[in-house]
Each structure stands twice: as C-alpha cells, then as structure tokens.
Amino acid sequence: MAQPVLSSVKRTTSIADDNHWLETGQRASSKKMESFPPPSSVTLTSLPTEEEAHPITFSWQGVDVFTKPLGVTGWRCFRRRGVEVAPPPAEVHILKNVTGVCRPGELLAIMGASGAGKTTLLNVLTHRNSEKLRITGDLFVNGRRVDPDTLTSRSAYVQQDDLFIGYLTVREQLIFQLGLNGSEHTRIGTPGQDRRLSGGEIKRLSFACEVLTNPSLLFCDEPTSGLDSFMAQNVVSMMKGMAERGKTVLSTIHQPSSEVFAMFDRVLFLAEGRVAFLGSCDEALRFFGKLGMNCPAQYNPADYFICQLSIEPGRQETCRYRIHSVCDTFELNDLGKAVLEDVNANQRLQNHEDEVYGHQREDKSPYKSPWWKQFHWVLWRSWLQTIREPRLIGVRFLQGLAMSVILGLMYNRKGSYVDVMSINGSLFVLVGNMTFQNMSLVIHTFCTNKELFLRENHNGMYRPDVYFLSKNIVEAPVFTLYAIMYTSIFYFLAGFPHDRDHYLVCVGTSILLAWCSVSFGYFLSCLAPNLSVAVLVMAPFLLLMRLLSGFFINLRSIPLFMKIISYLSWFTYGNEVLLINQWAGVTNITCSPTATRCYPNGAAILEQLGFSEDDFVVDLASLGCLIVGYRVVAYTIFHLRTMRSKPRG
C-alpha cells in the first residue's frame, strides 16, 4: 500500500474516510461567527462565514463563443439603415450551441480532447477571461439570470494554477485546521524557490481555501493535473463529498482513471465545441455502445470516448464527420431532450422567496464578508508576509547597513577644510539611496502579488481598497525604520554636524523621501501590467526626476515645461531641504586647497544652486503632498484595472 503523504491523515479509497476533514470544515462553516478573535485563537468553531449555503441549480442554454482570428485588432459593428448588424465574418466559432445543467448534490465532469472547448466553457460559466470573446447564450441559477457579482458571492473557483503566499504556513492560510494536521505549521513555500508542500497537499489546500465560505456552487479547472493516480482519486473524492452534501460541483477533468471516472455523477463530453454527450456514466456506456463505440473490457471509458471524439492526423474529415454524427444523434436522443427539458425547467423556476439572491437585488455584493472583516484579515496576512519576506527584512537591512557604512566612510571629512562639492554630493547620494532601494523593492513585492490579488478579488474574498490600504499600512513601519537606520549611520560617519536639530531634520527628510519613492513605486506597479514593464519604465522616470533635482542643473535656467515637471520630483524638494539644513547660517567657510571655487558662506552656496531658505517649509509640505498624491493616483489606476479585469455580465 502506498505511503500517505500526510502521516496524520488516514488514507483510504473510501469517500467518507478520505473526506473526514471536509466534513469537519463544512460543519464548522455552517456556524455564524459572532466576532473575530485574534488569529492565534481561531478554531474550527470560529470559521468566518456569513450564512448557510443554499442549493443551486445551474444551467446554460445555446452558448456560442466566437473569437477574433489572428491579425484582427478589434470587433467592428456595422449599421445598416440605423440597425446594428452582426460583426463581419472571419471569426473563429469555439463553442456551438452548448446546453447543459448541473443540479444540487451532483458532480459534473466536463471532458474532451485538447481543443474541444472545455476551458472556454468553464470561463463562460464563471464569467472569466472572456474579454476577447464574443459570447451569446443564457445562464440561469434557480430561475434567475446569472450576473457576475451575484455568481461570485455564491460560488467558489478552484483554478488549475495554485497561487499562495509562500511565507505563510498552512494553518495561517486557512486560519484553522482543515485536515492538514500533519502540515499545518509547514510553510507553503514559493514555486521554484522553497516549495515545502507536495502537489497533493497544495491542491487540497486550494480546495480548503475555497470551501471556507461554504459555497453552494463550486467550479474546478482540471484539479487533478500534475497529480499521481492516488492523489487524483483523493481530490475527486473531496469533490464527490462536497456534492453529497448538497453542493453543485462542476469540473473540467483531464484523463481521469477508471476509478475516478466512476465517481462522477454525470459527465459532459465536448467535441469540436459541441455537446457530444451529457448524462451519467452508465448512460454514456449505453449511448456510445448503440453508436458502435463499445468500450472494450478492462479499458478506461474516459480515454476510449475521448479517443473516439478526437481528430486524428491524416483522418480529419472522417473524424469530424463521426463527431458531428455523434453530436447530432445526442441532440435528437431522449437523453438530449431530457437535458433540454431540465434546462427549460430551471429557467421557468420562479421562487419569490428565493434565498439565493434575496429580495433587495440592488443591495447585492460580490464580496462574502463585510469591509471591516476583510480589512482585519488582509492586514494580518500582509503583516505576516512582510515580516517573513527575506528581501524586505533580512537582506534589505543588511544591504542598507553595508551601504551606509561604505558611503559614510567614503564621504568622511577630516581636517578643518570644507569641501562643498563632496558635501553636496553626499546629500544627493542620500536622496538617491532613499529612492532606488525603496522603489525597486515595492515594485517587486507589489507586482509579484498582483496576480494572486486579482484571483482572490474575483473570488469575492476582499475589495481592492482593502488590499491597497493593508499593504500601505503594513509596509510603512519597515520603510521608516530602514530610513532611520541608514540615515543615522551615514550621517555620523560622513561627519555632518553633531547637532540634534540638524540630525532630526535630516532623518525626517529621509523618511519623507522614502515614503515618496514608495508612493511612486506603487504608482508604477499599478500602471504597468507586469513586473518586467514596471522595472523597464522605472529607469527613464527616475532619470528625469534626478535631472530636475537642482543638483545637475540650475532650476532657474530650465524651460517652463520642464520646471512644471520638476514640481513632481521629490529629488527637487528633498535635495533643497537637505542643503538648506546643511548650509543655512554657515559663515566663514574655509575652502579646501583643491576646491575649484570658494564660497564665503552657506547663503552663497544656496544662491548658486538656485535654492532659498524661505522654501524650507514649502518643500516639506510638497513632499507630503507627493506622498499622498502619488498613492491616490496609484490606487485610482489600481481600482480601474481591477474593475476592467473583473467578469462582466
């Protein structure tokens, strides 16, 4: 007998035993939560859920999906005598009049050969990844048309790619134990770096995360991909167990074993974008048998039927003729008519006491918990991720310590001479280091988690403002402490005045500069579609900001349009504040023998740079405005991109 992956969980082929953890979780999820305790005290009885799950009958009728062929840049609509007509031809017909239904207590498996339309159908049913598709047809839930927000709030989606925050443990990801007792304190790990859970454990964790809110409708996208036969059977057993508890479960599946195939309540075979069969496994054997496609003994029925519905190289026309014959036969068969009748019956269902949608449709929310609960838990998770992120804590502070010591010693001044160029250069280096390291870090951390956010947001877990606000609050102390540490070491090693007021101004300005660079990093992260683009556009933006700092060019000599851009540069305000803090009130400067120019006092230095002591407070206020302004713009872009990527009805 194969050894279990998790030693604390008993492994058998029995559905009841194999899903004992799921039963526990579902019992817990039926209890309402009166208050949110601290994460460390969360137990099975305090599982966050808002209401009981209600049975859902999900049906779709006449679904047709078209996509643009390669080379077509957009859809065009024509008008003839004031009436809109269909787009021009030259489009690919992916799904063709697909009709089906899945009832409560039913596990429906969607199967077919590659290119049959399985993933496209699942995307249509879940309102996902359909921006570039033209879709017609109707979707109904308990007699009501489906819209994305309501569907999201009552369903869950286990996607094929497992995305998690690798620095959390299993228990922290779930907030309670859900059958992963042997691994509950194990870090999830990051793919390609430090993956610590097996593929089967990761898949079970995906299911556990989705059933936390006790959904009535569950979608799964090839949940057994990459798993061995034992773990695949285990995962399907979990899905079967959920269906037996009254859930409606739909899943695409790839090459199920004979044992897994027998677990399905009903199967939907797609071929060339059409429905070839929809019914029970026994009905599938009889239906295909009457068509001369008798599954041989000791042969996997799923593999056999998919093979019969595939396009073989060199026999394309013959295979397509066979496929269309099967699809046409099913439509005219009693099984096909029964499916259509079930779909029509679901559409006719009108329950004015419908608890799935409630009476006040205008008050519906796609999110499964109130704002404050979302904020509470996202803030907690963001904090755990931040303190366990090695790049943000360990490596980050070690790098800052090394750089501050090296640069501080490099600019260390000895003797009674004053080297104006070196002092000004060291202050500009301070501004630059507060920018580059903070900005690059926030771009990497924010962009790498963006895909996970979009998935969880689409699943109705939390709002974009909750995520954005939590990230800002959690990361602020880290960037602040880094600025204090770096500036303090650099300030005293470089030999700046050992005066409390000058030191506090320098540290305070560094904190503001760090926050400005972080704000601009958020702006670039939200503006760019991915990490690569964000890093690519960061360099030219920062080059422009540095050139307009007043260090390389006198701001009084630049054109008007460039001066307007300089108002958006924190380099300008930060450099001016630090130079004023350094040179204001300084008299009787003793120049270095190697100096190319000697200044009598600090006022002359500021005058030569085009700076004024009167702008000190204005500069500090401008830094504060940039911090707020860049984050407001960043969140606006972030919110708009999130709304654009959300499924639409």
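Using N, Cα and C of the backbone, Cβ positions are placed for all residues, glycine too.
Annotation source TrEMBL lists region 'Disordered' at 17-47.
Among the features that TrEMBL reports, domain 'ABC transporter' is placed at 78-297.
The transmembrane segment annotation in TrEMBL covers 393-411 (among others). A Cβ distance under 8 Å defines the sequence-distant neighbours of the transmembrane segment (393-411), meaning residues of its chain 6+ beyond its ends; these are 386-387, 422-423, 425-426, 429, 433, 437, 441, 478, 482, 485-487, 489-495.
What TrEMBL lists as transmembrane segment is 423-446 (among others).
Marked as transmembrane segment by TrEMBL: 476-496 (among others).
The transmembrane segment annotation in TrEMBL covers 503-525 (among others).
Annotation comment: TrEMBL describes 531-553 (among others) as transmembrane segment. Residues 424, 428, 431-432, 435-436, 439-440, 443-444, 447-448, 520, 524-525, 562, 565-566, 568-572, 574-576, 609-611 of the same chain sit 6 or more residues outside the transmembrane segment (531-553) yet have a Cβ under 8 Å from a Cβ within it.
Per TrEMBL, transmembrane segment is recorded for 565-584 (among others).
Residues or ranges marked as transmembrane segment by TrEMBL: 616-638 (among others).
Most Cβ pairs under 8 A with the transmembrane segment (503-525) among the ranges 476-496, 565-584, 616-638 are made by 616-638. Packing against the transmembrane segment (423-446) from elsewhere in the chain are residues 389, 391-392, 396, 399-400, 403, 407, 411, 413, 471, 475, 479, 482-483, 486-487, 490, 494, 506, 510, 513-514, 516-518, 520-522, 524-526, 531, 534-535, 538, 542, 545-546, 549, 551, 570-571, 574-575, 578-579, 582, 605, 609: each is 6 or more residues past its ends and has a CB under 8 Å from a CB in it. Confidence annotation: the domain 'ABC transporter' (78-297) carries a mean pLDDT of 77 in the model. Under 8 Å from some Cβ of the transmembrane segment (476-496) lie the Cβ atoms of residues 386, 392-393, 396-397, 400-401, 403-405, 407-409, 411-414, 426, 430, 433-434, 437-438, 502-503, 506-507, 510-511, 513-515, 518, 582, all in the same chain and six or more residues away from its ends.
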